[in-house]
Amino acid sequence: MLYSKQKSSYFYCGMKILHRIFPFLLLAYHLIFAWVGYQYILTHHGDAERYWFLLQDLSGSSWTDFLKPGTDVVKLLTFPLVKFFYLPFWSGFLLFSLISFAGVLILYRNLMRIAVANIKLQFLIFVLLLLPNLHFWTSLIGKEALILIPLTVFCAEINRKRYFSLLLIISVLAVAVIRPHVAFVLTLSYVLALLFTFPLSLKRKALLLLGLALVTSFFTWLLTRLQDFSGGFQQVLQKYEAHIKFFKTTEGYVPLDEYPLPYKIFTFWFRPLPFEKEGLMYAVISIENTILLVLFACAAFYVVKYFRILKDRMLFVLPGLFLFLFALMYVYAYANYGIILRTKIMAAPFIYLLILEVFSIRIPRKGQNQ
């Protein structure tokens, strides 16, 4: 009995030490991917080269040329670094990794607010935050590194029940400037979650829907600044078909266009699984997907069991709606594993939030350090 108490005491002491050093370990781990990403782009090439203006003549370009939403947000940041400070290509990976780590750190602290003193949930957080896909794609020079911060800030504000705070509004606008369509899905999910989880009066519901309509108009305007939609819905379909046609020529092609909707969504979130694809990257990702699939399978069981409780929880309803609508938006346009893996990092904060919220219902208090 005494030995058991000593062992438990040592364990809790070790967890306290781990809590103190984990952010520093996480930073070191995250920065390793800056080097990995740099080597990957040197070998396979990618958008990072375009964002860093490699082999481009900037003599006739001005910083104000990039005051536009979307891709130009990245170039607005990189332009002075390249033209005026002559920073080398590798430094961009270091810089963007440091920027994205701010988002990772916000996510870590947000998840810890859910876990409180629950040792099992804390250990689960450590596992989730060491999954490599999030770190790899946010270490590259690109939109993923920038968008992670407003997404995690949004989730943190929701967790603190600051549903209409200035910081929350700014985070949505920041997402909109980088990816307007993701901001639309985020806003739609949020409004629906409020309607489902709060007993709002008819007047407040009307105000929410009016706000959604106004915000949607703004996001639509931003989208028209990025692409030409003069052909209407037919042109959107043609662009989707062009995407699929191009992806068929790539090594990472997956025939999402041929799958029924449930399998499209399953493929988007959980494939490739082990032995589906060859290569080190796919091997690593397949292990990560397997871990997430097992966690989601367990979570699905608990959702059925505790649905009466969970259906009224914002931290369950909002991520659930967002993940469904997010996948629905992309499964008809993307048919390449690499693009899907990169896209999924925008959903990572919501995936982790959903898993933690469901498991926090299930794990008993004896798993806590009281």
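The backbone N, Cα and C atoms fix where each Cβ goes, glycine too.
What TrEMBL lists as transmembrane segment is 21-41 (among others).
Look at TrEMBL and you will find 84-107 (among others) tagged as transmembrane segment.
Annotation comment: TrEMBL describes 114-131 (among others) as transmembrane segment.
If you look up TrEMBL, you'll see 137-156 (among others) marked as transmembrane segment. Packing against the transmembrane segment (137-156) from elsewhere in the chain are residues 30-31, 33-34, 36-37, 40-41, 46-48, 51-52, 70-71, 73-74, 77-78, 92-93, 96-97, 99-100, 102-104, 106-107, 109-110, 167-168, 170-172, 174-175, 178-179, 182, 186, 341-342, 345-346, 349-350, 353: each is 6 or more residues past its ends and has a CB under 8 Å from a CB in it.
Outside the transmembrane segment (163-178), and at least 6 residues removed from its termini, the chain residues within Cβ reach (under 8 Å) are 69-70, 73, 143, 146-147, 149-151, 153-154, 157, 184, 186-187, 194, 215, 218-219, 222, 314. What TrEMBL records for 163-178 (among others) is transmembrane segment.
Residues or ranges marked as transmembrane segment in TrEMBL: 184-202 (among others).
Marked as transmembrane segment by TrEMBL: 207-224 (among others).
Under the heading transmembrane segment, TrEMBL lists 280-303 (among others).
Among the features that TrEMBL reports, transmembrane segment is placed at 315-333 (among others).
Per TrEMBL, transmembrane segment is recorded for 339-359 (among others). Counting residues 6+ beyond its ends, the transmembrane segment (339-359) has Cβ neighbours under 8 Å at 107, 110-111, 114-115, 120-121, 124-125, 128-129, 133-134, 137-138, 144, 147-148, 151-152, 155, 159, 179, 182, 247, 252, 254, 268-269, 285, 292, 295-296, 298-299, 302-303, 306, 310, 313, 315-316, 318-320, 322-323, 326, 330 in the same chain.
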Highest-contact recorded stretch vs the transmembrane segment (84-107), from 21-41, 184-202, 315-333, CB pairs under 8 Å: 21-41
